[in-house]
Structures are given as C-alpha cells and as structure tokens.
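These notes concern the structure reproduced below.
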Amino acid sequence: MRPPLDELLDTTHVVSLPLVSRFRGIDVREAMLLEGPHGWTEFSPFTEYADPEAAAWLAAAIDFGWNAAPPLLRDSIPVNATVPALAAADVPATLARFAGTRTAKVKVAERGQTLDDDVARVAAVRAALGPEGRIRVDANGAWNVDEAEHAIHALAPYDLEYVEQPCATVEELAEIRQRVRYMGIPIAADESVRKASDPLAVARAGAADVLIAKVQPLGGVRRVLSLEAEVGLPMVVSSGLETSVGISMGLHLAGALPSLDFDCGLGTAALLAADVTDAPLLPRDGALPVRRVVPSPGLLRRHAATQDRTLWWRARLERCWELLEA
Ligand SMILES: O=C(O)CCC(=O)C1=CC=C[C@@H](O)[C@@H]1C(=O)O
Ligand SMILES: [Mg+2]
C-alpha cells in the first residue's frame, strides 16, 4: 500500500554525505530520509539508477516507515569490514574503522587496476586478520569467465569464504561456479539478484551458493523475507551504502531472517565521513545492534543537499511513487 504523495513529501530531508575514500566511483553519498508512522526510513537509490529500478528502493522505504517491522529473532548482527579497491598500504587504516570484525569483504577487479593489485590488497587483509579471519572478494561482475577462473586461482591461497558476483550474467556465474567447484570456493550473487526482474532466476539456474540481499533494491524487509522462504539459499544481508537510517532497515531484515550463517555487509556507515545521527551504526566488537535510528536535526541541517539536488530528489520520489501500486 502506498501512502499519499503529500504525506511522503512532508517529512523529507535530502542529505549529501562525504565518504572517507572513493567507493564504487563516488566520493559523496546522497540520500533522502523520510519519517513514517513507524519511524525514520531512507530512500537512496544511486543517482544513476533509472526510475523503474529506483521504485523498488521507494517500496522498501515505505515498507520500513509505514509498517511494523517483522518480529526479531536476534538483536545483534555480526558484520564484515568492507575494503574498497585501495592500495595494499591503506588496508590497515581501513580495517581499523570496523572494530572487532573477523570478516572482510575486499573489492577486486576495479577498472584501471591489475590482478596484482587485487592480490596485494587481499594479502594485506589476510596479514591483518590472521589465519582465522574470513575473506570474501567482490568483483562486481567485472571479469569474464576465464578472467574469473584465473583471478580465483591467484586469490585462493589467501583462503576465500566466497567470491561475490565474479561475472556479470547468470550464465557466466553458473559456468564459473562449475569450474571452481573442485576448489570448494562458493559463488555469491549480488547484482544478479538485486538488478534482476526475477531475483530467483539465479537460484533456479544453479548459478550461486549464496545470495546477497540488499533490502532497498529488493523492495523491503517483508519482500526479502518472502523471497528467502522461496529460494532456499543462505542470504548475506548487505548495505546499499546507506546512512545509518538505511542501515537500520537492513539490520531489521538480518534480525528477522530464519537463519543467518554469514557475517553481514552492514558495517558501511564506517565508510562515511559524516552521518545523520549522533549515534551512528558503527561496528563494535564486530557487530551492530538491531535498532531504529532517529536523525539529529543539527546533522540534517549541516549535511543538507543543495536546493537543486533536493528538488531533484523530490521529483524522483514523485516519479517513483507513480510507479508503485496504488
Ligand atoms: O557488502 C558489503 O560489505 C558492503 C556493501 C557493498 O559492498 C556495496 C554496497 C553498495 C553498492 C555496491 O557497489 C557494493 C556491492 O557491490 O556489494
Ligand atoms: Mg556486491
């Protein structure tokens, strides 16, 4: 059910938050925050996304603000550190932002970098975490199947928990999964789930061992819970690089999933140089508490987007609202 447009627009704030270091090609994260009857919520599709994709993020924002969250089965969520495609020398300072995490997700296959850069970064993460740390890598679909096979061989000595979206298509994922099966390295699907018209296609095709569940692109907490019931694969709840308000939506999903076998990618408030609350959801002892977040009026003012950008987001919300079922 979609609330009236005026009701949504009434409480919106658009913020523009600097990142500590460049991540997925951006230095600043814009987000729109809204307050519904059940609390604060976030609408923050990346700016380049077209309306049909962004509408799922709005459905999620509405779900979290205008419905009671499903019952929680746990109130603390173990999270991973997220390591952008930085130089190996910068790894220790990045990991230090994610206090107590035993797992790290490392970005690889960044445009303009080489496999040697990836190997050096992953080696630095292994050196910092020690033999018991867990390392997963995320290629964001940048490799073809042969490149993925070569890269996985080069990275395997550092002991990989899984490889996230090594290739772009579901067919390629199925193929690389077969090729590296003998190595015991699972394949996780991210873009193939969150950008697909049918998020379950990847599971049906036998293309992944693990699904990355991002709550906004998948349409909200309740929608992901119903997908989970159908899909039968373990899910790793990860962020869409949200403010702490959006992270709290992901935490409510992670808290409600029937089982949670992996550390979640919800520690990314640590990648923001500023947040919207005085009590940001930053990892402590490797975990985050499941709770709602109320933005601080002072921080909303300090990080308010320009008037132009605010109008852009309001128009975007309106167009996406039109796309949702009345
Ligand atoms: O999974 C994590 O550790 C953090 C989230 C994360 O890596 C991402 C968040 C938002 C956009 C993506 O490019 C990126 C990802 O690909 O998983
Ligand atoms: Mg990913």
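Glycine is treated like the rest: Cβ placed from N, Cα and C.
Where the annotation comes from TrEMBL, it is an automatic prediction and has not been curated.
Record note: TrEMBL gives D138, E164 as Mg(2+)-binding, and the candidate from D90, D190, D198, D209 in that site is D190. Taking only the Cα positions, the spacing between E164 (Mg(2+) binding site) and K214 (active site, proton acceptor) is 13 angstrom. Just so you know, the Cβ of E164 (Mg(2+) binding site) picks up 27 other Cβ atoms within 10 Å once every protein chain is counted. Only D138, E164, D190 of the recorded positions listed as K107, D138, E164, D190, K214 bring a Cβ under 6 Å of any atom of ligand 2; the order follows the sequence.
Annotated Mg(2+) site D138, E164, D190; additional same-chain residues within 8 Å of its Cβ mean position, judged by their own Cβ, are K105, R136, V137, A139, N140, V163, Q165, A188, A189, E191, I212, S238. Checked against ligand 1, the recorded positions K107, D190, K214 give D190 as the ones with a Cβ under 6 Å from it, listed in sequence order. Sorting the domain 'Mandelate racemase/muconate lactonizing enzyme C-terminal' (88-183) by DSSP state (H, G, I as helix; E, B as strand; all else coil) yields 51 helix, 17 strand, 28 coil.
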